[in-house]
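Chemist: The structure that follows is given in the form of structure tokens.
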Amino acid sequence: MGNKNNKKKKKRQQEKKKNKNINKQLVDEKKNEKNEFKMLLLGTGDSGKSTFVKQMQILYKGGFNTKIVDLYRNIIRINLKQHMKILLKASADLKIQLPKESVIIQNKFLDLIKNSPVMWNDKIIEMIKQLWEQPQIKECYKSRHHFQLPDSSAYFFDKIDEIAKEDYQPTRDDILNCRIPTTGVKELSFNVKNYIWNLVDVGGQRSERRKWIHHFEDVDILIFVIALDSYSQKLFEEHSVNRMTECLSVFEQTVNNEFFKKKRLVILLNKIDLFKEKLKKVKIKEAFPDYEGENDFEHTSEYFKNKFLDIVNQKKRSVSTHLTCGTDTAMIEKIFDDIRVSIMEKFISSYI
């Protein structure tokens, strides 16, 4: 009797092992069938999408080649001139009075860059330095939520001595902080753990959004990037429209699109570093009167997170949210790894 029971037990164990091996084989076969995933990166202008793409380039493609570094050197120098021009105009608009000697420098600077937009020489460098050192210009910079100016401008103004050097080579942080609006479509493919991840970045400005629809097919993951600090800013294209309000509208139109109803959705609540700083100056309630909570990071970030989640039918799809600082490489690496692992787990479990 005992031998008979032992034989049955042994047989059950063998069958269990066999079934386990078959399941593993099926999973391995399915994994081999699909070894590529397409991620569509969307968001309104200046949300930080391009910075996310740069981070993937750094983390999984070995960084930037000489050609790209040279391109960024030129762009950084052009931006320095353009951003000082914006500050000078804004200081006049905000009735910030510059000292007489600074007005003279301002006029010379504006004349020089008007006549020679690509000029970069010691004279221009010295004028930018002198203007940036003025307390009135710094005061204007602190009021940048009233006009259109990249938040990284101060980062580059403070580095002008280094940028001015003839042999200047932009660092990784310089490239991450450099703002270039995405136009058209940018694609980046990279390998992680023997899987190919195809990241598609489409321009976020209004004029670019009509192109989004052409990239909806065969998407595995939709990553929507939101600039939390945009709650008090206006659109570059239409100064009467709040950026966060526009973002909520675009988000609703996108995630409820027929193409995306069953797609995995990842929401990146980005620029938390700038958001924390802005909270000290501009209350959420000024832009969103329905907000009743404390004006601290925990409550306000939760408020915006829920605003976006309320738009999504979570019962029918997988949604995850992450608070991010796009220029923090270690943070982005961890967040992307969490996204990647959860996608792989869901993909594999669907075949077990």
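Don't overthink the numbers, they just go from 1 along the chain as shown.
Cβ coordinates come from backbone N, Cα and C, glycine included.
All TrEMBL annotations are machine predictions without curation.
If you look up TrEMBL, you'll see S50, T182 marked as Mg(2+) binding site. What TrEMBL records for 151-152, 176-182, 201-205, 270-273 is GTP binding site. TrEMBL lists 1-21 with the feature compositional bias 'Basic residues'. Taken from TrEMBL, the feature region 'Disordered' covers 1-28.
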Chemist: If you measure D201 (GTP binding site) to S50 (Mg(2+) binding site) at Cα, how many Å is it?
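Modeler: Rounded to a whole number, the Cα-Cα distance is 7 Å.
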Chemist: For K271 (GTP binding site), write down the residues of its own chain that are at least 6 apart in sequence and whose Cβ falls under 8 Å from its Cβ; none is a fine answer.
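Modeler: When sequence neighbours closer than 6 are ignored, K271 (GTP binding site) has G48, D151, A227, L228, D229, S230, T324, C325, G326 within Cβ distance under 8 Å.
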Chemist: Taking the Cβ of S50 (Mg(2+) binding site) as reference, which residues of that chain separated by at least 6 in sequence fall under 8 Å from it?
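Modeler: Listed in sequence order, they are I180, T182, K186, D201.
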Chemist: Going by DSSP, give the three-state secondary structure for S50 (Mg(2+) binding site).
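Modeler: Helix, per DSSP.
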Chemist: Given the binding-site residues D151, D201, and counting only Cβ atoms in the protein chains shown, which has the most within 10 Å of its Cβ?
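Modeler: That would be D201, with the most Cβ atoms nearby.
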Chemist: Under a three-state reduction of DSSP output, how is D201 (GTP binding site) classified: helix, strand, or coil?
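Modeler: It is in a strand.
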